[in-house]
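Here the structure is laid out as structure tokens; the discussion comes afterwards.
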Amino acid sequence: MQKAVRLDEDGWIGYNGEWIYERNSGAYAAPFNEGRSHATMSDAAQTLEGWYVLHDFRTIDWQAWKQAGEGERAAALDAIQSMLADWSAQEEQRQGSTAFYAIVGQKADFVLMHLRETLEELNELETSFNKSPLAAFTKPAYSYVSIVELSNYMSKPGEDPMSNPDIVARLKPTLPKARHICFYPMNKRRDGGDNWYMLSMDERRAMMRSHGMIGRQYAGKVKQIISGSVGFDNWEWGVTLFAEDALQFKKLVYEMRFDEVSARYGDFGDFYVGNRLDADKLVKLLQV
């Protein structure tokens, strides 16, 4: 028998009144068939997909930027501000969403996170930036391609999931305008006896319950976008967190490290943390 679960506005899943695990998509989901004890191919999670996602990390060639003429720098700044205005207008028309953040540390100087309906649109966005005057003063640092997903969705009888506005809002979200961002890729481990994909649905459910109880404590403090990347990039998921207080990233990730799902079955890539950029902050960032 399948039992539905309900997601709250921050994307945490509840099961029979208990909070199980985080997802970034909404309404109802049915993660498990009861009575299953052995992993089979049919245990693979069923997913709904939303907007495609590109995280485009760049470093700035500060030497070249400082050597450029004042007019050249002004033209580059005007061009990127015009692009940001265009992306904002597309967001208002629900044609996608874009986030722009300065990255702290040496891994990158800034990230453009784009959500769009198709991979072609993401390609066009990347290419349009590469053709912009500012791109001549930047170098690619890292990128990540994925798609917003909702796992184990169970629609009501006769319901088209995409007719449910709650689900559409989860699959095609407007990115938060929070002060801080944290991005990292992750895998579920496949290593000898610690193979997540050989566990039954019931085993995964039991472990995810405690995992999600931790995350539920951060509802309202941290907003997350989980995007699937199997077949798209080198990791299985991209995790993007938004918060007004960056310390909440550390507290959330650290607390979850003690849970079996992360401690035994989680593998994580590099973490990128940053601060939101707007038009005024961009001018300040590029001022030399």
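Placement of Cβ uses the backbone N, Cα and C atoms for every residue, glycine included.
Predicted automatically and left uncurated, TrEMBL annotations should be read as such.
The active site annotation in TrEMBL covers Y184. As annotated by TrEMBL, Fe-coproporphyrin III binding site applies to R170, Y184, P185, M186, N187, K188, H211, Q224, S262.
Sequence-distant contacts (6 or more apart, same chain, Cβ under 8 Å) of P185 (Fe-coproporphyrin III binding site) comprise Y144, S229, D233, N234, W235, E236, W237, G238, V239, F268, G269, D270. Across the binding-site residues listed here (R170, N187), the residue whose Cβ sits among the most other Cβ atoms within 10 Å is R170. A sphere of 10 angstroms centred on the C-beta of the residue listed as 'active site' encloses 19 other C-beta atoms. Here the C-alpha separation of the residue listed as 'active site' and R170 (Fe-coproporphyrin III binding site) works out to 20 Å.
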